[in-house]
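Novice: Attaching a single structure in structure tokens format; questions to follow.
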Amino acid sequence: MELRALLCWASLATALEETLLNTKLETADLKWVTYPQAEGQWEELSGLDEEQHSVRTYEVCDMKRPGGQAHWLRTGWVPRRGAVHVYATIRFTMMECLSLPRASRSCKETFTVFYYESEADTATAHTPAWMENPYIKVDTVAAEHLTRKRPGAEATGKVNIKTLRLGPLSKAGFYLAFQDQGACMALLSLHLFYKKCSWLITNLTYFPETVPRELVVPVAGSCVANAVPTANPSPSLYCREDGQWAEQQVTGCSCAPGYEAAESNKVCRACGQGTFKPQIGDESCLPCPANSHSNNIGSPVCLCRIGYYRARSDPRSSPCTTPPSAPRSVVHHLNGSTLRLEWSAPLESGGREDLTYAVRCRECRPGGSCLPCGGDMTFDPGPRDLVEPWVAIRGLRPDVTYTFEVAALNGVSTLATGPPPFEPVNVTTDREVPPAVSDIRVTRSSPSSLILSWAIPRAPSGAVLDYEVKYHEKGAEGPSSVRFLKTSENRAELRGLKRGASYLVQVRARSEAGYGPFGQEHHSQTQLDESESWREQLALIAGTAVVGVVLVLVVVIIAVLCLRKQSNGREVEYSDKHGQYLIGHGTKVYIDPFTYEDPNEAVREFAKEIDVSYVKIEEVIGAGEFGEVCRGRLKAPGKKESCVAIKTLKGGYTERQRREFLSEASIMGQFEHPNIIRLEGVVTNSVPVMILTEFMENGALDSFLRLNDGQFTVIQLVGMLRGIASGMRYLAEMSYVHRDLAARNILVNSNLVCKVSDFGLSRFLEENSSDPTYTSSLGGKIPIRWTAPEAIAFRKFTSASDAWSYGIVMWEVMSFGERPYWDMSNQDVINAIEQDYRLPPPPDCPTSLHQLMLDCWQKDRNARPRFPQVVSALDKMIRNPASLKIVARENGGASHPLLDQRQPHYSAFGSVGEWLRAIKMGRYEESFAAAGFGSFEVVSQISAEDLLRIGVTLAGHQKKILASVQHMKSQAKPGAPGGTGGPAQQF
């Protein structure tokens with residue numbers, strides 16, 4: 001089948017014909033052998049062909065013998081020259097029997113052709129025998145055109161041309177024989193030839209001239225000059241028996257680097273000057289990248305110009321670049337023995353993006369000589385490979401002049417000649433910092449703790465403000481093993497130590513001038529057993545028991561008072577300080593970490609410490625007030641690896657910032673609910689400090705909804721709201737007030753489960769925070785659009801104020817992440833709420849859901865629903881989906897007039913794209929333009945079918961666009977209102 005298919009393919013090139021014998025070219029007698037030697041036999045004659053050239057012919061016409069006689073004519077021996085099949089083209093004329101006057105019944109109008117193979121010219125007049133065997137019959141030839149002889153006229157007729165195929169041949173040569181058995185004919189010429197495939201170049205592959213040995217013959221090709229094979233086996237093509245190449249796809253050769261295909265893929269041409277080709281392939285030559293050149297033809301790479309370089313990791317097609325210039329505007333901030341350097345990026349980055357910085361330090365003596373700084377100095381995050389334009393340097397000695405050289409580097413800096421340019425800065429430390437703390441004493445030790453004390457050093461610039469204790473286990477190496485403790489007294493208790501372990505301790509003091517240097521390391525050791533401290537522990541147990549009894553009594557009294565207040569139908573309020581809290585009915589009570597004398601104790605109590613070696617940070621996914629938010633992996637021994645979210649505390653933090661950062665972990669660690677973000681643990685014993693929580697794949701709810709606008713059903717949205725309400729019910733039962741409930745603080749996992757997050761961070765935003773969501777109010781930052789009016793005015797945060805915020809979250813969810821109150825200013829929002837205006841229902845919002853929102857926005861906080869009631873109401877809606885099909889009307893009751901956000905008049909938009917962006921459908925701007933909807937006149941006629949054709953497949957998006965078009969039509973009617981102004985101006 002494959003061979004038959006190859007024979008059916010069209011040919012790639014014309015076949016060549018190689019002549020073995022052509023009587024037209026013979027000028028002497030042919031002297032072919034005839035048999036028998038009798039009268040009436042074949043006769044050799046001379047004649048003229050159609051072109052009046054002299055040719056040798058044979059004629060026969062024996063009509064005398066009735067019954068016919070076989071007349072044989074045999075050519076000379078013809079070498080086949082490797083041909084397997086030979087073609088014979090015979091030119092002859094044949095007399096019509098009826099036109100012959102003496103024609104007998106044995107007159108024929110045909111003759112027969114035979115051939116005989118032999119290894120040499122061995123035939124004689126009698127051998128081989130003149131019969132069909134040993135001769136091999138080729139064909140009996142009949143004339144298509146007969147010559148007629150009319151009385152008194154010359155014979156007329158056409159020349160017959162017949163081509164026969166001989167073979168297959170296997171011996172060195174052959175004879176061709178003609179047998180006449182009663183015909184009157186003339187053999188005008190004989191052309192013996194064979195066919196072969198001519199040489200061929202296709203797809204950069206050369207195939208030689210080939211004589212076919214079989215029906216089809218595979219021929220191996222070779223790549224043309226400057227081409228290389230790219231496939232194994234080498235490319236091949238089939239030569240057919242008729243001398244034609246079978247057409248098939250030829251692949252396997254491509255031009256070498258520095259060469260491109262040309263002349264219809266027949267040659268590989270060298271790339272010209274100024275161009276190059278870096279790899280093997282069919283691509284064209286490319287112009288040299290920036291700052292490079294090629295002076296020679298056939299270049300696989302362009303060389304960099306003087307002063308420009310290409311890094312080893314850069315591809316050959318990348319431009320050549322230079323090292324960056326020096327950083328600019330280096331400034332320093334000195335705080336005692338700690339220095340922070342900051343600088344601006346260099347003017348010239350060298351054309352690269354892998355910019356890093358390196359800082360070198362030299363200590364200059366009064367005599368003028370400068371030496372490298374000592375090993376006691378530390379750089380944070382390091383002296384080299386800095387990606388941010390700052391570095392913190394610790395361990396500076398007082399009254400010393402330092403020279404810091406800041407250099408910018410990139411991927412080609414190591415290839416450049418000479419050192420990189422740098423920007424120097426000289427810093428002289430103050431001599432006023434406290435001296436090193438020495439004479440550390442162990443006043444008491446136990447198997448897990450050490451109590452140390454030391455003499456108060458003399459501070460030249462005033463009193464010592466506090467101390468920093470640095471300690472680590474002897475033999476432990478690396479920054480993760482070092483711990484720090486701050487104390488305001490000249491004593492410290494080191495807790496959580498290993499039994500019978502040796503520790504190295506250093507202390508430094510801080511005055512108004514900053515920190516002094518650390519003193520010499522002091523060796524201390526914990527006890528092996530507890531025999532020496534049992535008395536202290538016994539006293540501690542007794543004291544704890546007494547305190548516990550007192551606390552139980554106080555809690556019981558508070559619970560009774562709270563139950564009485566609840567029986568009067570009034571909600572218990574929470575003060576601004578979380579330390580005042582209630583006991584829930586059989587529920588664990590939230591404890592404010594700031595009620596602890598040492599907030600770090602709250603972290604140890606409620607958050608699990610995780611070894612930093614179990615944590616792997618994979619990528620940064622966001623940034624917060626205190627540092628970066630990353631995605632990573634947690635692999636604790638004996639547990640399955642899990643994906644976690646990691647909040648990190650940025651460098652240069654104060655102790656207050658560290659305490660407030662970790663307070664969120666102290667809060668989160670007290671909660672355990674499927675709709676509350678789960679705390680995995682904290683990393684506090686290494687830098688950076690981390691908080692690890694479960695990873696929520698879909699991120700914040702507001703951005704997730706905006707990204708999937710119109711893609712969720714009402715039931716799905718109500719299910720999300722039910723999960724949020726369930727989490728808030730749990731927090732309310734634990735007597736915790738969130739204060740910052742908003743869709744941005746709700747996280748969504750891959751199963752669309754919503755979980756409440758962000759416990760505490762928003763309460764610590766500083767006054768100079770740039771986040772526009774939070775506005776200053778009575779000394780703190782408040783998210784105005786989500787906060788109840790009593791909380792804005794009097795900072796009275798309660799579970800009822802969280803209910804108000806929950807109503808705003810409901811509106812955000814049903815509007816797919818729309819910003820509450822749109823572009824109204826915060827002051828306009830406050831004024832509108834004071835005048836009892838409320839948000840209108842989002843598009844297609846069920847009436848029951850908007851009514852629940854209005855209930856949450858009651859001015860009287862005691863009239864707002866509690867979270868158990870909210871959960872119950874949402875459960876009823878989910879069980880009765882028909883209630884969600886009643887869509888809210890865009891007007892409110894008498895007690896709750898609704899804010900009106902009318903769409904501006906379409907004439908206010910400069911283009912269709914601007915209109916699409918205004919209705920949050922800007923993603924379809926290019927699709928509208930490509931489909932011809934470029935004017936409002938055309939857009940006003942758009943239909944749902946048009947939207948599908950454009951590519952708007954989401955039903956929610958179709959509704960929004962068609963509703964806006966309908967509004968546009970109403971605006972175009974005569975007398976229609978203009979409808980200008982923002983939402984804050986139209987109530």
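Counting starts with 1 at the first residue shown.
Glycine is no exception: its Cβ is also placed from the backbone N, Cα and C atoms.
When I checked Swiss-Prot for this same protein, it listed these features:
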type: ACT_SITE; residues: ASP740; note: active site, proton acceptor
type: COMPBIAS; residues: 976-987; note: compositional bias 'Gly residues'
type: DISULFID; residues: CYS61-CYS184; note: disulfide bond
type: DISULFID; residues: CYS97-CYS107; note: disulfide bond
type: DOMAIN; residues: 323-432; note: domain 'Fibronectin type-III 1'
type: DOMAIN; residues: 436-529; note: domain 'Fibronectin type-III 2'
type: REGION; residues: 965-987; note: region 'Disordered'
type: SIGNAL; residues: 1-15; note: signal peptide
Novice: Hey, what's the Cβ neighbour count for CYS97 (disulfide bond) at 10 Å?
Specialist: 18
Novice: For the domain 'Fibronectin type-III 2' (436-529), DSSP counts of helix, strand and coil?
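Specialist: The breakdown for the domain 'Fibronectin type-III 2' (436-529) reads 3 helix, 42 strand, 49 coil.
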Novice: Work out how many Å separate CYS107 (disulfide bond) and CYS184 (disulfide bond) at their Cα atoms, rounded off.
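Specialist: Approximately 8 Å lies between the Cα of CYS107 (disulfide bond) and that of CYS184 (disulfide bond).
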Novice: By CA-CA distance, flag whichever of CYS61, CYS184, ASP740 among the recorded positions is nearest to CYS97 (disulfide bond).
Specialist: CYS184
Novice: Using the alpha carbons only, what distance in Å do you get between CYS184 (disulfide bond) and ASP740 (active site, proton acceptor) once rounded?
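Specialist: About 119 Å separate the Cα atoms of these two residues.
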Novice: With helix taken as DSSP H, G or I, strand as E or B and everything else coil, how many residues of the domain 'Fibronectin type-III 1' (323-432) land in each class?
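Specialist: Grouping H, G, I as helix and E, B as strand yields 3 helix, 53 strand, 54 coil.
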Novice: Rounded to an integer, what is the Cα-Cα distance in Å between CYS61 (disulfide bond) and the residue listed as 'active site, proton acceptor'?
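Specialist: The Cα atom of CYS61 (disulfide bond) is 122 Å away from the Cα atom of the residue listed as 'active site, proton acceptor'.
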Novice: Could you check the disulfide-bonded residues CYS61, CYS107, CYS184 and say which one's CB has the most other CB atoms within 10 Å?
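Specialist: Checking each of CYS61, CYS107, CYS184, the winner is CYS184.
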Novice: Measure the Cβ-based neighbour count of the residue listed as 'active site, proton acceptor', defined as the other Cβ atoms within 10 Å of its Cβ.
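Specialist: Around the Cβ of the residue listed as 'active site, proton acceptor', 25 other Cβ atoms lie within 10 Å.
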Novice: Over the domain 'Fibronectin type-III 2' (436-529), what does the predicted model average in pLDDT?
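Specialist: Mean model confidence (pLDDT) across the domain 'Fibronectin type-III 2' (436-529) is 86.
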